[in-house]
C-alpha cells in the first residue's frame, strides 16, 4: 500500500504545480452544464495524473471526471484495483481565484477505498490515508472532532451545479431546516475538501446529495474513516461510493445528524 500512496502523492503534487501555475492567470472556460465548468487545467491535470499512474500500475483501471466518465456519461466500478480521480475539485473556485481547490486521487480494491490523497496546492495542504493505518495532514496524524452537541456543530454542504427547480428547492429546503439545528453552515465549493475538513476537525459534519460522482468522494471518504469518523448515506444506510450521496460525522453526532437530515426530507 505504501507504493500506491507514494505514487498518488507524486501525481497529486505534479498536478498541483499545474493548478498553482494557472491559478492567478486568465482561464479558458468550457461549460459542461449551465454552471458546471471545466478548464484546460482540469484536462491537463487528469492527463498528467493518469499517465503517471499508468506508468507505475499498467494493469489497474481508471475512472476520471473529465475523460473516462464525462466522455461516456457513465462508468463501471469493478473489483479490480481502480484509481478514481478528480483532477481539480472546485473548478468554479479555481476560475474565481477562491483558494479551495484540490486534486483528489483514490484507489479502490474490490470496490472499497484503500488509498486516499487530497492535495490543495494553493495552501499546500496534503491529506493522506491508507486503509487501516490512519489519516494525516502534511504527515501529522489527524482526528475528527469530539463535539457531541448538534447545536454546537459546524456543518458543511453544497448546492451543486444542477439547476433543475425541483432539485434546487429540495436542496435549499433541506438547508433551511438543518440550519436551525446546528451552530452554522459552510460551503467551500469542494466536496473532497469538505470531507477532509471533517477528518481534521475543522468541520464537525458534512453532507451532500447529487454531487458529480465517485471522484468527489473516493479519497475523502477514506480519509474521514481513517481519522475516526463515519461516512454514511444521508438516510443513515450504508455509504455507496457510486450513489452521489454522502454524510460524514463523528460517532457522537451520528444519530442526531442523521435524524436531522431525515426530518428535513
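Glycine is treated like the rest: Cβ placed from N, Cα and C.
The annotation Mg(2+) 1 binding site is assigned in Swiss-Prot to 65, 86, 88. Annotation note: residue 86 (Mg(2+) 1 binding site) sits in a strand segment as assigned by DSSP. Counting only same-chain residues at least 6 apart in sequence, those with a Cβ under 8 Å from the Cβ of residue 86 (Mg(2+) 1 binding site) are 64, 65, 103, 104, 192, 212, 215, 216.
Annotation source Swiss-Prot lists substrate binding site at 65, 88, 89, 90, 91, 189, 190, 191, 208, 216, citing similarity to another entry.
Sequence annotations record features per position, and here Swiss-Prot assigns Mg(2+) 2 binding site to 86, 89, 216.
Under the three-state DSSP scheme, residue 190 (substrate binding site) falls in the coil class. All protein chains included, residue 65 (Mg(2+) 1 binding site) registers 25 other Cβ atoms within 10 Å of its own Cβ.
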